[in-house]
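Database features (TrEMBL):
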type   : residues : note
REPEAT : 80-114   : repeat 'PPR'
REPEAT : 115-149  : repeat 'PPR'
REPEAT : 150-184  : repeat 'PPR'
REPEAT : 185-219  : repeat 'PPR'
REPEAT : 220-254  : repeat 'PPR'
REPEAT : 255-289  : repeat 'PPR'
REPEAT : 290-324  : repeat 'PPR'
REPEAT : 325-359  : repeat 'PPR'
REPEAT : 360-390  : repeat 'PPR'
């Protein structure tokens, strides 16, 4: 523009730089930015903020950053808290931890007071980088400067501590929150309980649930589902069922995830009758099981050698309008073959074809393997011959 004798203004250059940055064209954006010095237009903090926000995203946090900061200083353009926060967030994402902390110190030294968003962003980045001690040091520094952490700060910190398996430190942070009168929300408590369950700290998770309710924070279906799933994985069947009862008593309606998780755990614990009772309860309450729920239940019943009950569930599934898929039939036939129930497996195959469900290679392979093991050679060969046919299967139980 300068070469053409056209005088650019601040608005024009700002639009151009913003567009280049959004397009990921960092180098041309810098060329326009630094040409402002030549044209003596006068850069402002908007340019500086945009450029510094783009630098870490482009992983160019060295020479260009120093140059940019020098120009801003010469022009007496002092970066504001938004500028610093944006840059530190980018540095953390670029794993430039020391540079981010250096910038935080510089920000404080220059009298630009970091707010809760700035500190929270830095701590979140440190936790993701597994720099637990540094994150806790920033928390202490934040409080010393009179900046009060909020529920987002604490939630992020506890989540990171749980992922780092620092259970006691996470619980200490929870105690600190409550002591300071900062009320944790359902997400905070749920995240903490989920982490405790994954760490196999069952009793501590249940204590947090009681603590949550005592403080008037009402658990939601996600909270209960996470807790029950963890209890089932820990083989704490009775405790999981107690949580279900508590959930219903408090008016929190279980969903398909709740029931499916419970039934899956009950089947793995060989609590067949209890799992079927949960299915009945689920349907009674108007919660409609999906194909995944039925598949899991039938698979568990077959592994428990409850063949007739598994077939009854298939019939119930079809009756209720839940259409079995290829996984349903294939899994059932595979288990029937393993149980040496060849005729029943072939009956399921016929039913599958009748329902318009097309067998896949897994179905074929499982059936042929079972037929060969049962010494049903002729049927296996007939099945092999028909694999590429489009007509319904002619194999029927003898």
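A Cβ is built for glycine as well, from the same backbone N, Cα and C atoms used for every other residue.
Residue counts for the repeat 'PPR' (290-324) by DSSP state, with H, G and I taken as helix and E and B as strand, are 26 helix, 0 strand, 9 coil.
Distant neighbours of the repeat 'PPR' (220-254): 186, 189-190, 193-194, 196-198, 200, 202, 205-206, 209, 212, 261-262, 264-266, 268-269, 271, 274, 282, 285, 287; these residues of the same chain sit at least 6 beyond its ends, with a Cβ under 8 Å from one of its Cβ atoms.
Look at the repeat 'PPR' (360-390): DSSP puts its residues at 23 helix, 0 strand, 8 coil.
Mean model confidence for the repeat 'PPR' (360-390) is a pLDDT of 84. Long-range contacts of the repeat 'PPR' (185-219) within the same chain, counting only residues at least 6 positions beyond its ends with a Cβ under 8 Å from a Cβ of the stretch, are 151, 154-155, 158-159, 162-163, 165, 167, 170-171, 174, 177-178, 226-227, 229-231, 233-234, 236, 239, 243, 247, 250, 252. Taken residue by residue, the repeat 'PPR' (115-149) breaks down under DSSP into 26 helix, 0 strand, 9 coil.
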